[in-house]
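Q: According to TrEMBL, the protein carries these features:
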DOMAIN    21-411  domain 'Major facilitator superfamily (MFS) profile'
TRANSMEM  20-42  transmembrane segment
TRANSMEM  62-82  transmembrane segment
TRANSMEM  89-107  transmembrane segment
TRANSMEM  113-130  transmembrane segment
TRANSMEM  151-170  transmembrane segment
TRANSMEM  176-197  transmembrane segment
TRANSMEM  229-252  transmembrane segment
TRANSMEM  264-282  transmembrane segment
TRANSMEM  294-313  transmembrane segment
TRANSMEM  319-341  transmembrane segment
TRANSMEM  353-372  transmembrane segment
TRANSMEM  384-410  transmembrane segment
Amino acid sequence: MGGAVVDEGPTGVKAPDGGWGWAVLFGCFVITGFSYAFPKAVSVFFKELMREFGIGYSDTAWISSILLAMLYGTGPLCSVCVNRFGCRPVMLVGGLFASLGMVAASFCRSIVQVYLTTGVITGLGLALNFQPSLIMLNRYFNQRRPMANGLAAAGSPVFLCALSPLGQLLQDRYGWRGGFLILGGLLLNCCVCAALMRPLVAAQPGGAPGPQRPARRLLDLSVFRDRGFVIYALAASIMVLGLFVPPVFVVSYAKDLGVPDTQAAFLLTILGFIDIFARPTAGFITGLKKVRPYSVYLFSFAMFFNGFTDLTGSTASDYGGLVVFCIFFGISYGMVGALQFEVLMAIVGTHKFSSAIGLVLLLEAVAVLIGPPSGGKLLDATHVYKYVFILAGAEVLTSSLVLLLGNFCIRKGPEASRPEAVVSEEKLHKPPADVSVDSREVEHFLKAEPEKNGEVVHTPETSV
């Protein structure tokens, strides 16, 4: 999920926290569903693709990996497009690209062609929809943002519940080619969601000209001065190495145990059903006043829970064991999905979020390209699913420890949670003890200096 977008919207417009924002939230719900559920749901077709093209597990895993890599790694391109044309036109074009890729894939004669169509073209189309939808959601919600993020993130499990059995049904009736063709038609609904993304417009009394937005850089690299952001980016990159591996392989794992295809595909439905309730619940809990300042710790716990679930799931030896694994994985996966962008928004603030999400997802794209294929290689070499789940669990556990320990290191001192530039600037401007300062001058300083220096003064909520 990376758009380093300069299109910040009109200055001085307060987030409505409702109204048309609910329509925007619905569009974001659908876009999130397609973007995150599609790379997992397409794994239902892996067995047929292996028989069609005579390939192994690692070769088919590249399809999901490329899809996710395009979703994560196209931040700069998305930034330029949104800055030039706005969110709504970019999302319309993205919907057409997503549909075109799946339709073209139904005519492919080699696995490389499937990589280019399903992986690259459809992945690019989903990216051009997903990242602008997050920007629009961030503009329309402020006080209710954790809840909005949780509800939008619930689109992933809802669509996973529907797309996984639908894909199996389409494959049984029409083959994988017919299934890809019909799924391509469904992706045209992204264009409908794009039409809901109405830009916020500042209402000006008496026809007075609206406030002018200051010139902003295309990609704000100053977020790297925030140590909290650096730790978050590092932890998230490690997490992505193993986060998406179990959903990609759990269906094939069940089939390898002799479970019928329909029952195996139902595992993703179970996972998604639990995830549906886990994401809004996590968003609601995070939005509580006493919990919201500690959202980073809750996110770290969610990652630890997810990694521990992977390790215990590696011991499953029958269908019942995989069902239990999917239940607990759905809970932990839903918590991670609901909190990841809320925590990032809290760390960097609203104005730098568009750049921060692009940089984070660009870093995560490398991990996404490595994760599922490395699991496939390990499976080809050992033919034991246990090792794949152990590797994924170890990677997610490591990411939770990086975030937790890094957060403790930052919060050692009262000034440690803020960038050094802000601390030194305050020391330079600190008046002598015997000099009185007028309250109006203090107010002017507090308002002017952060904008002048391009820095964000962190509060307990916006610091890691």
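First residue shown is number 1, and so on along the chain.
Quick reminder: no glycine exception, Cβ is built from N, Cα and C everywhere.
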Q: Taking 113-130, 151-170, 229-252, 353-372 as candidates, which has the most Cβ pairs under 8 Å with the transmembrane segment (294-313)?
A: 229-252
Q: Take the C-beta pairs under 8 A between the transmembrane segment (229-252) and each of 20-42, 62-82, 113-130, 384-410. Which stretch has the highest count?
A: 384-410
Q: Kindly say whether the transmembrane segment (176-197) and the transmembrane segment (151-170) touch, using the definition of 3 or more Cβ pairs under 8 Å where each pair is 6 or more positions apart.
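A: Yes; at least 3 Cβ pairs under 8 Å.
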Q: Count the Cβ pairs between the transmembrane segment (151-170) and the transmembrane segment (264-282) that lie under 8 angstroms and are 6 or more residues apart in sequence, then report whether there are at least 3.
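A: Touching, yes - the transmembrane segment (151-170) and the transmembrane segment (264-282) meet the threshold of 3 or more Cβ pairs under 8 Å.
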Q: Report, as numbers and ranges, which residues of the same chain sit near the transmembrane segment (20-42): CB under 8 Å and 6 or more residues beyond its ends.
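A: Counting only partners 6 or more residues beyond its ends, the transmembrane segment (20-42) has Cβ contacts under 8 Å with 1, 63-64, 67-68, 71, 91, 98, 118, 122, 126-127, 129-130, 133-134, 136-137, 140-141, 148, 151-160, 163-164, 166-167, 187, 189-190, 193-194, 196-198, 244, 247-248, 268, 272, 337.
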Q: Is the count of Cβ pairs under 8 Å between the transmembrane segment (113-130) and the transmembrane segment (353-372), pairs 6 or more apart in sequence, 3 or more?
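A: No, the transmembrane segment (113-130) does not contact the transmembrane segment (353-372).
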Q: Mind pulling out the one from 89-107, 264-282, 353-372, 384-410 with the most Cβ pairs under 8 angstroms to the transmembrane segment (62-82)?
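A: Selected stretch: 353-372, with the most Cβ pairs under 8 Å.
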Q: Grab the pLDDT values for the domain 'Major facilitator superfamily (MFS) profile' (21-411) and give me their mean, rounded.
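A: Reported value for the domain 'Major facilitator superfamily (MFS) profile' (21-411) is a mean pLDDT of 84.
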